[in-house]
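Peer 1: Under the heading ATP binding site, TrEMBL lists Gly131, Asp132, Ser133, Gly134, Ser135, Gly136, Lys137, Thr138. Residues or ranges marked as domain 'Myosin motor' by TrEMBL: 46-649. According to TrEMBL, the region 'Actin-binding' annotation covers 581-603.
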Amino acid sequence: MTKVRDSSLDFTEVNRTSSKFRYSIELLRKETDLLNGCDRNIAKYFFINNVCDLEDKSPENVAGLIKYRFFKKQIYTWTGQTLIAVQPYERNVQKKVDKDNDPNICSVVSRAWFNLSNRLGKINQCIVISGDSGSGKTYSACVALKYLGTQPQICDLEILNNVLYKTWSSVSLLAAFGNASTFHNTNSSRFGRLIQIQCRNGKIVGAFIRTFLLERSRVSGPNRAETNFHIFHQALCGVDESTLENVYLSKKTEYKICPKIAHHPYCSYSETLKAMKFLQITQIDDILCILSLILNLGNIDFAVKDEKLIIPQDCKQYVNFCSKILLCNTTSLSQLLLKRLVAPRLRKASLCYTSCVNVEECQERKNSFMRFLYDSLFHYLVTTINNQIFYEKEHDCLGILDIYGFESFFLNTFEQLCINYANERLQQYYIQDYFKKQMNYAYEKYEKITKFDLSKYNERINLLDGSLSVFGILNEECLVKRYNTDIFIGSRLSNSLSKNEFFIARSDSRNTKFSIKHYAGTVEYDCRSMVNKNRDKIPEEMILLLNETKFEFLRQVVSSRSEDIQYLQGKTLLSKFKKSLDNLMATLDKADVHYVKCLKPNQKQIGNFFDEEYFIKQLEYNGIMDTLKLEFQLYSIVIAKNEFSRRFGDQILEELKYLLKGKVYVGKDKIYFSENSFGLILKYQSILMLSCVRRIQRYWKAKYKKRNQAATKIQRCFRRSSQMNRSKLNDTLDSTLDGITVIENVNFKSEITRALEDIEIKSKVPSRKMFKGDRIVSRQRIAQVPVRCHIKKTCIPFSYVLPIQETPSGLIDIF
Ligand SMILES: Nc1ncnc2c1ncn2[C@@H]1O[C@H](COP(=O)(O)OP(=O)(O)OP(=O)(O)O)[C@@H](O)[C@H]1O
């Protein structure tokens, strides 16, 4: 045992934990120096990069290992096959990957790609990146994408230029249009995204981006201390004044939906412009016009004068700007904002308008118009990107899912309800996935089973989207079209759901707030405007205006969504959102899922600080402690038995019995492998195949060589035959045919001797044409002389066999 003087480390622990302890003393000292301020009893964490290798798997010890690695600037750690990524709050941390199986995003991508190209497991593979807002999900997704581009064996230059570079550019373009600054993250994604990389024969052929529910309510004004989508700030800061003037904007004007902030960290308009140009989006001025339309609409207010709803004088200029952009007259735009269409489904000739009820209704109509415009623009951009990177046909896919993280703010409204619901569904999927694996193991009689509870996850989802649920009540209030106040909604929710253990009702009956105990903590929601936001209805007269506008690009943008509009009108936002998440879950069901859990080291968002208590809370609510019980028992590769014997044969497991001992589990229908053991099988198979190929090649080469040699020698003999006497020829034959006498059961020497006898006889009969060039092309049967052989440059198969039938005139060959 190694003894180290002057060290406070407990080396007995080191030796017990890891038998591989071969670290030099100097290196050990260096390691300990790195751990300033850490627990000194960390020796047990040396060499460990997988939580499952810890003897003590208590939350404290798991957090201890991750903390140890965090201070060593190793932000990634395995938990079985799940990767934990800790947000470093620093730049340039752990870029290098040392070994293949080092915990890293790249290892997860490699594993997924390996399964995809070797057709292991399900048809598709998906990397699900989850975690709280600001924990580094989008960053990890970008690392995964970039890694794919650095692998020349799966991505050639053309694909790199036409697909992957464009997909990367799309990330920064969509970040400009879909990200905003929030309390938790200055670059928070306000939409969910699934990037599907299409694969054929182990190579990338295309990609497709699916987006989920953009938080479009942000367009009509962000919450306090937050910003609107980056693109508004970028346009107002980055575009020059004269271009802005052309689209009716000005840097000096205060835009209500986009309050000025001293320093915006994501204000690089030039980056967005570059991405647009690369993605061949050339209508930059038109896009600016739509942004201007939204910004100017945001500045229009409403008031009541002489019991009539009006647009105040100081807002008239914004109406003017908007009508110029829409290429319609000011009066019809004002009418559109102040009056609503009655019986909209009737023909245009009988359109009848009535004044809105109050200022709030006008505001709501205007907001829904702005949201619709922005949402359409966002989807237009996504469609344009997809048109460029999509490979037409159906293909196996590697998906990378980056969805907005769990959020809890001071004021949480409809959007946070949707975002947290999406995270709740993903968390449920994660646990359910493990549950399914466990059930599968139980069926396969895999004995080391640990039970964990799934019911609480299902109950929470039921509270949100079940038959009697928050979504159910909010949807009902949209559909019954009765007058409802926020207080009424609040009390309805409280009365109906207070018995649910995950719902906390407010005792005050005039309160609009309620709380839900989510998997990641309790969040208090305010039901203000929830019904209106859920209704998500764009007035039909507004769609009419947009469909008929002379602003062609806008018409194009809106028409690209016309199918969606027809399908979605009348459906509430929550039901649409639920549907899109159901579709996402169905997509995940078709794939083998690889999980990356992004966690934060502290809530203060500062580097070099690890709050253990907060971290343990995250480990628990993310389900990592629950699934850890099963993770260390899991085999990463599962193949059906018949598929395995089809691909590898039945003997391979027997042949590698000693090498695979304890690393493979053969169940009833399936065989379970660890990554290493499967690698061993692949290696063995390729060596086996190579040796078989060599043997076959060797056999054929030898066979052809002998045939060629024989044929050449026979011909040589024949050419000389006319000049040689018989005895000399026999000697030559003896020497030349030595060693190649038997090929395909033909005794060449005797055959040739017989043939020569024939020729000798033949030479005595009147001569016939026997040779053409260097070969015998034909011969005619001579009476009583049996045909013994036909000889060409190469041996004629079965030429030594006599014909079964003989015609009276003998056999005639072609001359
Ligand atoms: N490993 C890392 N190294 C360096 N910077 C990182 C790393 N992970 C995250 N960051 C930075 O942290 C910030 C937040 O990360 P990111 O936007 O990826 O979080 P997110 O989980 O996607 O948040 P949201 O759910 O709000 O969209 C970004 O500025 C990102 O550059």
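Each residue's number is its place along the chain shown, starting with 1.
Placement of Cβ uses the backbone N, Cα and C atoms for every residue, glycine included.
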Peer 1: Report, as numbers and ranges, every residue of the chain located at least six residues beyond the region 'Actin-binding' (581-603) whose Cβ falls under 8 Å of a Cβ in that stretch; write 'none' if there are none.
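Peer 2: Contacts with the region 'Actin-binding' (581-603): 66-67, 70, 79, 81-89, 105, 108, 111-112, 115, 121-132, 134-137, 140, 192, 194, 212, 397, 399, 401, 405, 421-422, 425, 429-430, 433, 609-611, 614-615, 618-619, 622, 624.
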Peer 1: Name them in sequence order: residues not among Gly131, Asp132, Ser133, Gly134, Ser135, Gly136, Lys137, Thr138 whose Cβ is within 8 Å of the mean position of the Cβ atoms defining the ATP site.
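Peer 2: Along the chain, the qualifying residues are Gln87, Asn185, Gly405, Cys598, Lys600.
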Peer 1: Averaged over the whole of the domain 'Myosin motor' (46-649), what is the pLDDT?
Peer 2: 85
Peer 1: Within the region 'Actin-binding' (581-603), count helix residues (DSSP H, G, I), strand residues (E, B) and coil residues, in that order.
Peer 2: 9 helix, 9 strand, 5 coil
Peer 1: Can you tell me whether DSSP puts Lys137 (ATP binding site) in helix, strand or coil?
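Peer 2: Note: Lys137 (ATP binding site) is helical by DSSP.
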Peer 1: Long-range same-chain neighbours of Gly136 (ATP binding site), Cβ under 8 Å, sequence gap at least 6?
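Peer 2: Non-local contacts for Gly136 (ATP binding site): Ala85, Gln87, Cys598.
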Peer 1: Just going by other Cβ atoms within 10 Å, which of the binding-site residues Ser133, Ser135, Thr138 has the emptiest spot?
Peer 2: Ser133
Peer 1: Just the binding-site residues from Asp132, Gly134, Lys137 whose C-beta lies under 6 Å from any atom of ligand 1, please, or none if there are none.
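Peer 2: With ligand 1 as the reference and 6 Å as the Cβ limit, the list reads Gly134, Lys137.
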Peer 1: Taking Gly131, Gly134 as the binding-site residues to compare, which has the smallest set of other Cβ atoms within 10 Å?
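Peer 2: Result for the binding-site residues Gly131, Gly134: minimum number of other Cβ atoms within 10 Å at Gly134.
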Peer 1: So, three-state DSSP: helix, strand or coil for Gly131 (ATP binding site)?
Peer 2: strand
Peer 1: When you measure from the Cβ of Lys137 (ATP binding site), how many other Cβ atoms are you left with inside 10 Å?
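Peer 2: Its Cβ shell of radius 10 Å holds 27 other Cβ atoms.
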